[in-house]
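Asks: Got a structure here, written out as structure tokens. Questions coming.
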Amino acid sequence: MGRAKKVVLAYSGGVDTSVCIPYLKHEWGVDEVITFAADLGQGDELDPIRLKALDAGASQSLVGDLIEPFVEEFALPAIRANALYEGRYPLSTALARPLIARRLVEVAREVGADAVAHGCTGKGNDQVRFDLAIAALAPDLKVLTPAREWSMSREEAIAYGERCGIPAPVSKKSPYSIDLNLLGRSIEAGPLEDPMVAPPEEVFAMTSSIDAAPSQAQDIEIRFEAGNPVAIDGVRLDSVGLIKEANRLAGRHGFGRLDIIENRVVGIKSREIYETPGLLLLIRAHQELESLTLAADVLRMKRQLEMQWAELVYQGLWFSPLKDALDGFMDRTQIYVNGLVRIRLHKGNAMVIGRSSDTNSLYISEMATYGSEDNFDHRAAEGFIYIWGLPSRLWAAARRG
């Protein structure tokens with residue numbers, strides 16, 4: 001008896017998910033494998049991927065356009081939360097996983113499957129993200145994880161696939177593993193596993209090199225309403241179009257490359273190369289506008305909670321009660337985040353050079369100026385400093401005896 005009768009497999013067209021199709025059928029006795037591939041704005045032509053799944057033995061090969069919910073329900077909350085895992089990585093890949101898992105569960109219900117499956121390996125982050133999301137949404141569904149159990153190396157998996165008629169998509173000339181969606185690209189494996197090897201220019205596709213970037217700087221303006229980016233240079237765009245334009249502008253000037261050592265959920269460190277030009281640009285602009293419009297104590301608390309929000313998403317806990325509670329805090333703060341941020345793009349840099357808010361700015365020029373218009377009561381400072389420093393003076397006096 002097989003491990004399941006009908007399985008819906010999260011499918012990308014890569015080595016592991018392609019090999020999963022015959023493996024589930026031949027090794028685990030699954031009667032029927034249905035694949036689901038998500039269109040997340042990666043720009044690939046998905047029809048060849050759909051046909052590849054059928055050639056590999058899938059009974060049905062489904063493709064779903066998830067671009068709009070990906071941006072509206074996942075990217076925009078991440079921008080509002082200034083989500084940067086370990087202060088650097090803007091979660092471009094991690095944000096996609098709970099959405100794919102959600103749709104995977106929906107497809108399983110629609111076709112009457114008794115299990116879902118994915119092709120994540122045993123030491124990656126995505127296995128955690130998929131398993132936890134599916135458990136939260138459909139605890140009754142079995143989750144099959146052949147790539148976690150088959151103990152094949154990447155080379156052995158490619159060879160297994162070739163025996164089953166699946167062509168290898170990776171050559172020795174291109175040994176990289178690449179994940180791509182509208183928010184960015186992640187590149188790993190091959191020579192990049194040596195943390196001292198510089199990434200070759202060939203691995204980048206969304207960003208110009210510093211040498212190829214324009215020599216002339218470009219100033220752009222990004223408008224936010226309730227924490228969401230809504231316009232660039234005065235042109236209002238829908239959320240998907242705005243992300244695309246931010247990618248184009250930032251990428252043209254070589255901004256958005258990351259080369260980092262990252263702490264994975266499973267406890268190991270990995271070397272990751274990311275291209276996330278638009279998302280990083282929008283987070284930087286959003287942070288700056290918050291500095292102008294949020295009260296100091298709210299801003300300090302939000303910066304602390306942002307780190308926890310990013311960690312929860314990275315660790316696969318999108319559907320957790322704590323993440324839901326943090327969303328409530330983030331959303332409440334964003335009603336004040338309205339205004340404009342001006343950024344100068346030049347040779348890999350994105351420097352904030354201006355910010356304004358007609359309705360919510362807490363920058364009062366008469367209080368901040370050192371000129372003749374100064375309305376700050378300097379005499380009040382003496383009493384404030386006395387009270388503020390009282391605990392220190394009492395502590396010092398007690399030490400002296």
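Cβ coordinates come from backbone N, Cα and C, glycine included.
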Asks: Given that Swiss-Prot lists A10, Y11, S12, G13, G14, V15, D16, T17, S18, G119 as binding ATP, which residue among A38, A94, A138 does it place in the same site?
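Replies: That ATP site, as Swiss-Prot gives it, pairs A10, Y11, S12, G13, G14, V15, D16, T17, S18, G119 with A38.
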Asks: Counting every protein chain present, what is the number of Cβ atoms, excluding its own, within 10 Å of the Cβ of G14 (ATP binding site)?
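Replies: Excluding its own Cβ, G14 (ATP binding site) sees 16 Cβ atoms within 10 Å.
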Asks: If we check Cα distances from D16 (ATP binding site), which of the binding-site residues Y89, S177, S186 wins as closest?
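Replies: Result for D16 (ATP binding site): the nearest of the binding-site residues is S177.
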Asks: What is the number of other Cβ atoms found within 10 Å of the Cβ of S186 (L-citrulline binding site)?
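Replies: Excluding its own Cβ, the number within 10 Å is 20.
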Asks: Given Y89 (L-citrulline binding site) and S12 (ATP binding site), what distance in Å do their CA atoms have, once rounded to a whole number?
Replies: 23
Asks: In whole Å, how far does the CA atom of Y274 (L-citrulline binding site) lie from that of T121 (L-aspartate binding site)?
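Replies: Here the two Cα atoms lie 20 Å apart.
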Asks: Tell me the Cα distance separating T121 (L-aspartate binding site) from S18 (ATP binding site), rounded to the nearest angstrom.
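Replies: Between the Cα atoms of S18 (ATP binding site) and T121 (L-aspartate binding site), the distance comes to 13 Å.
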Asks: Can you check which residue among the binding-site residues S12, S18, T121, N125, S177 has the largest number of Cβ atoms within 10 Å of its own?
Replies: S18
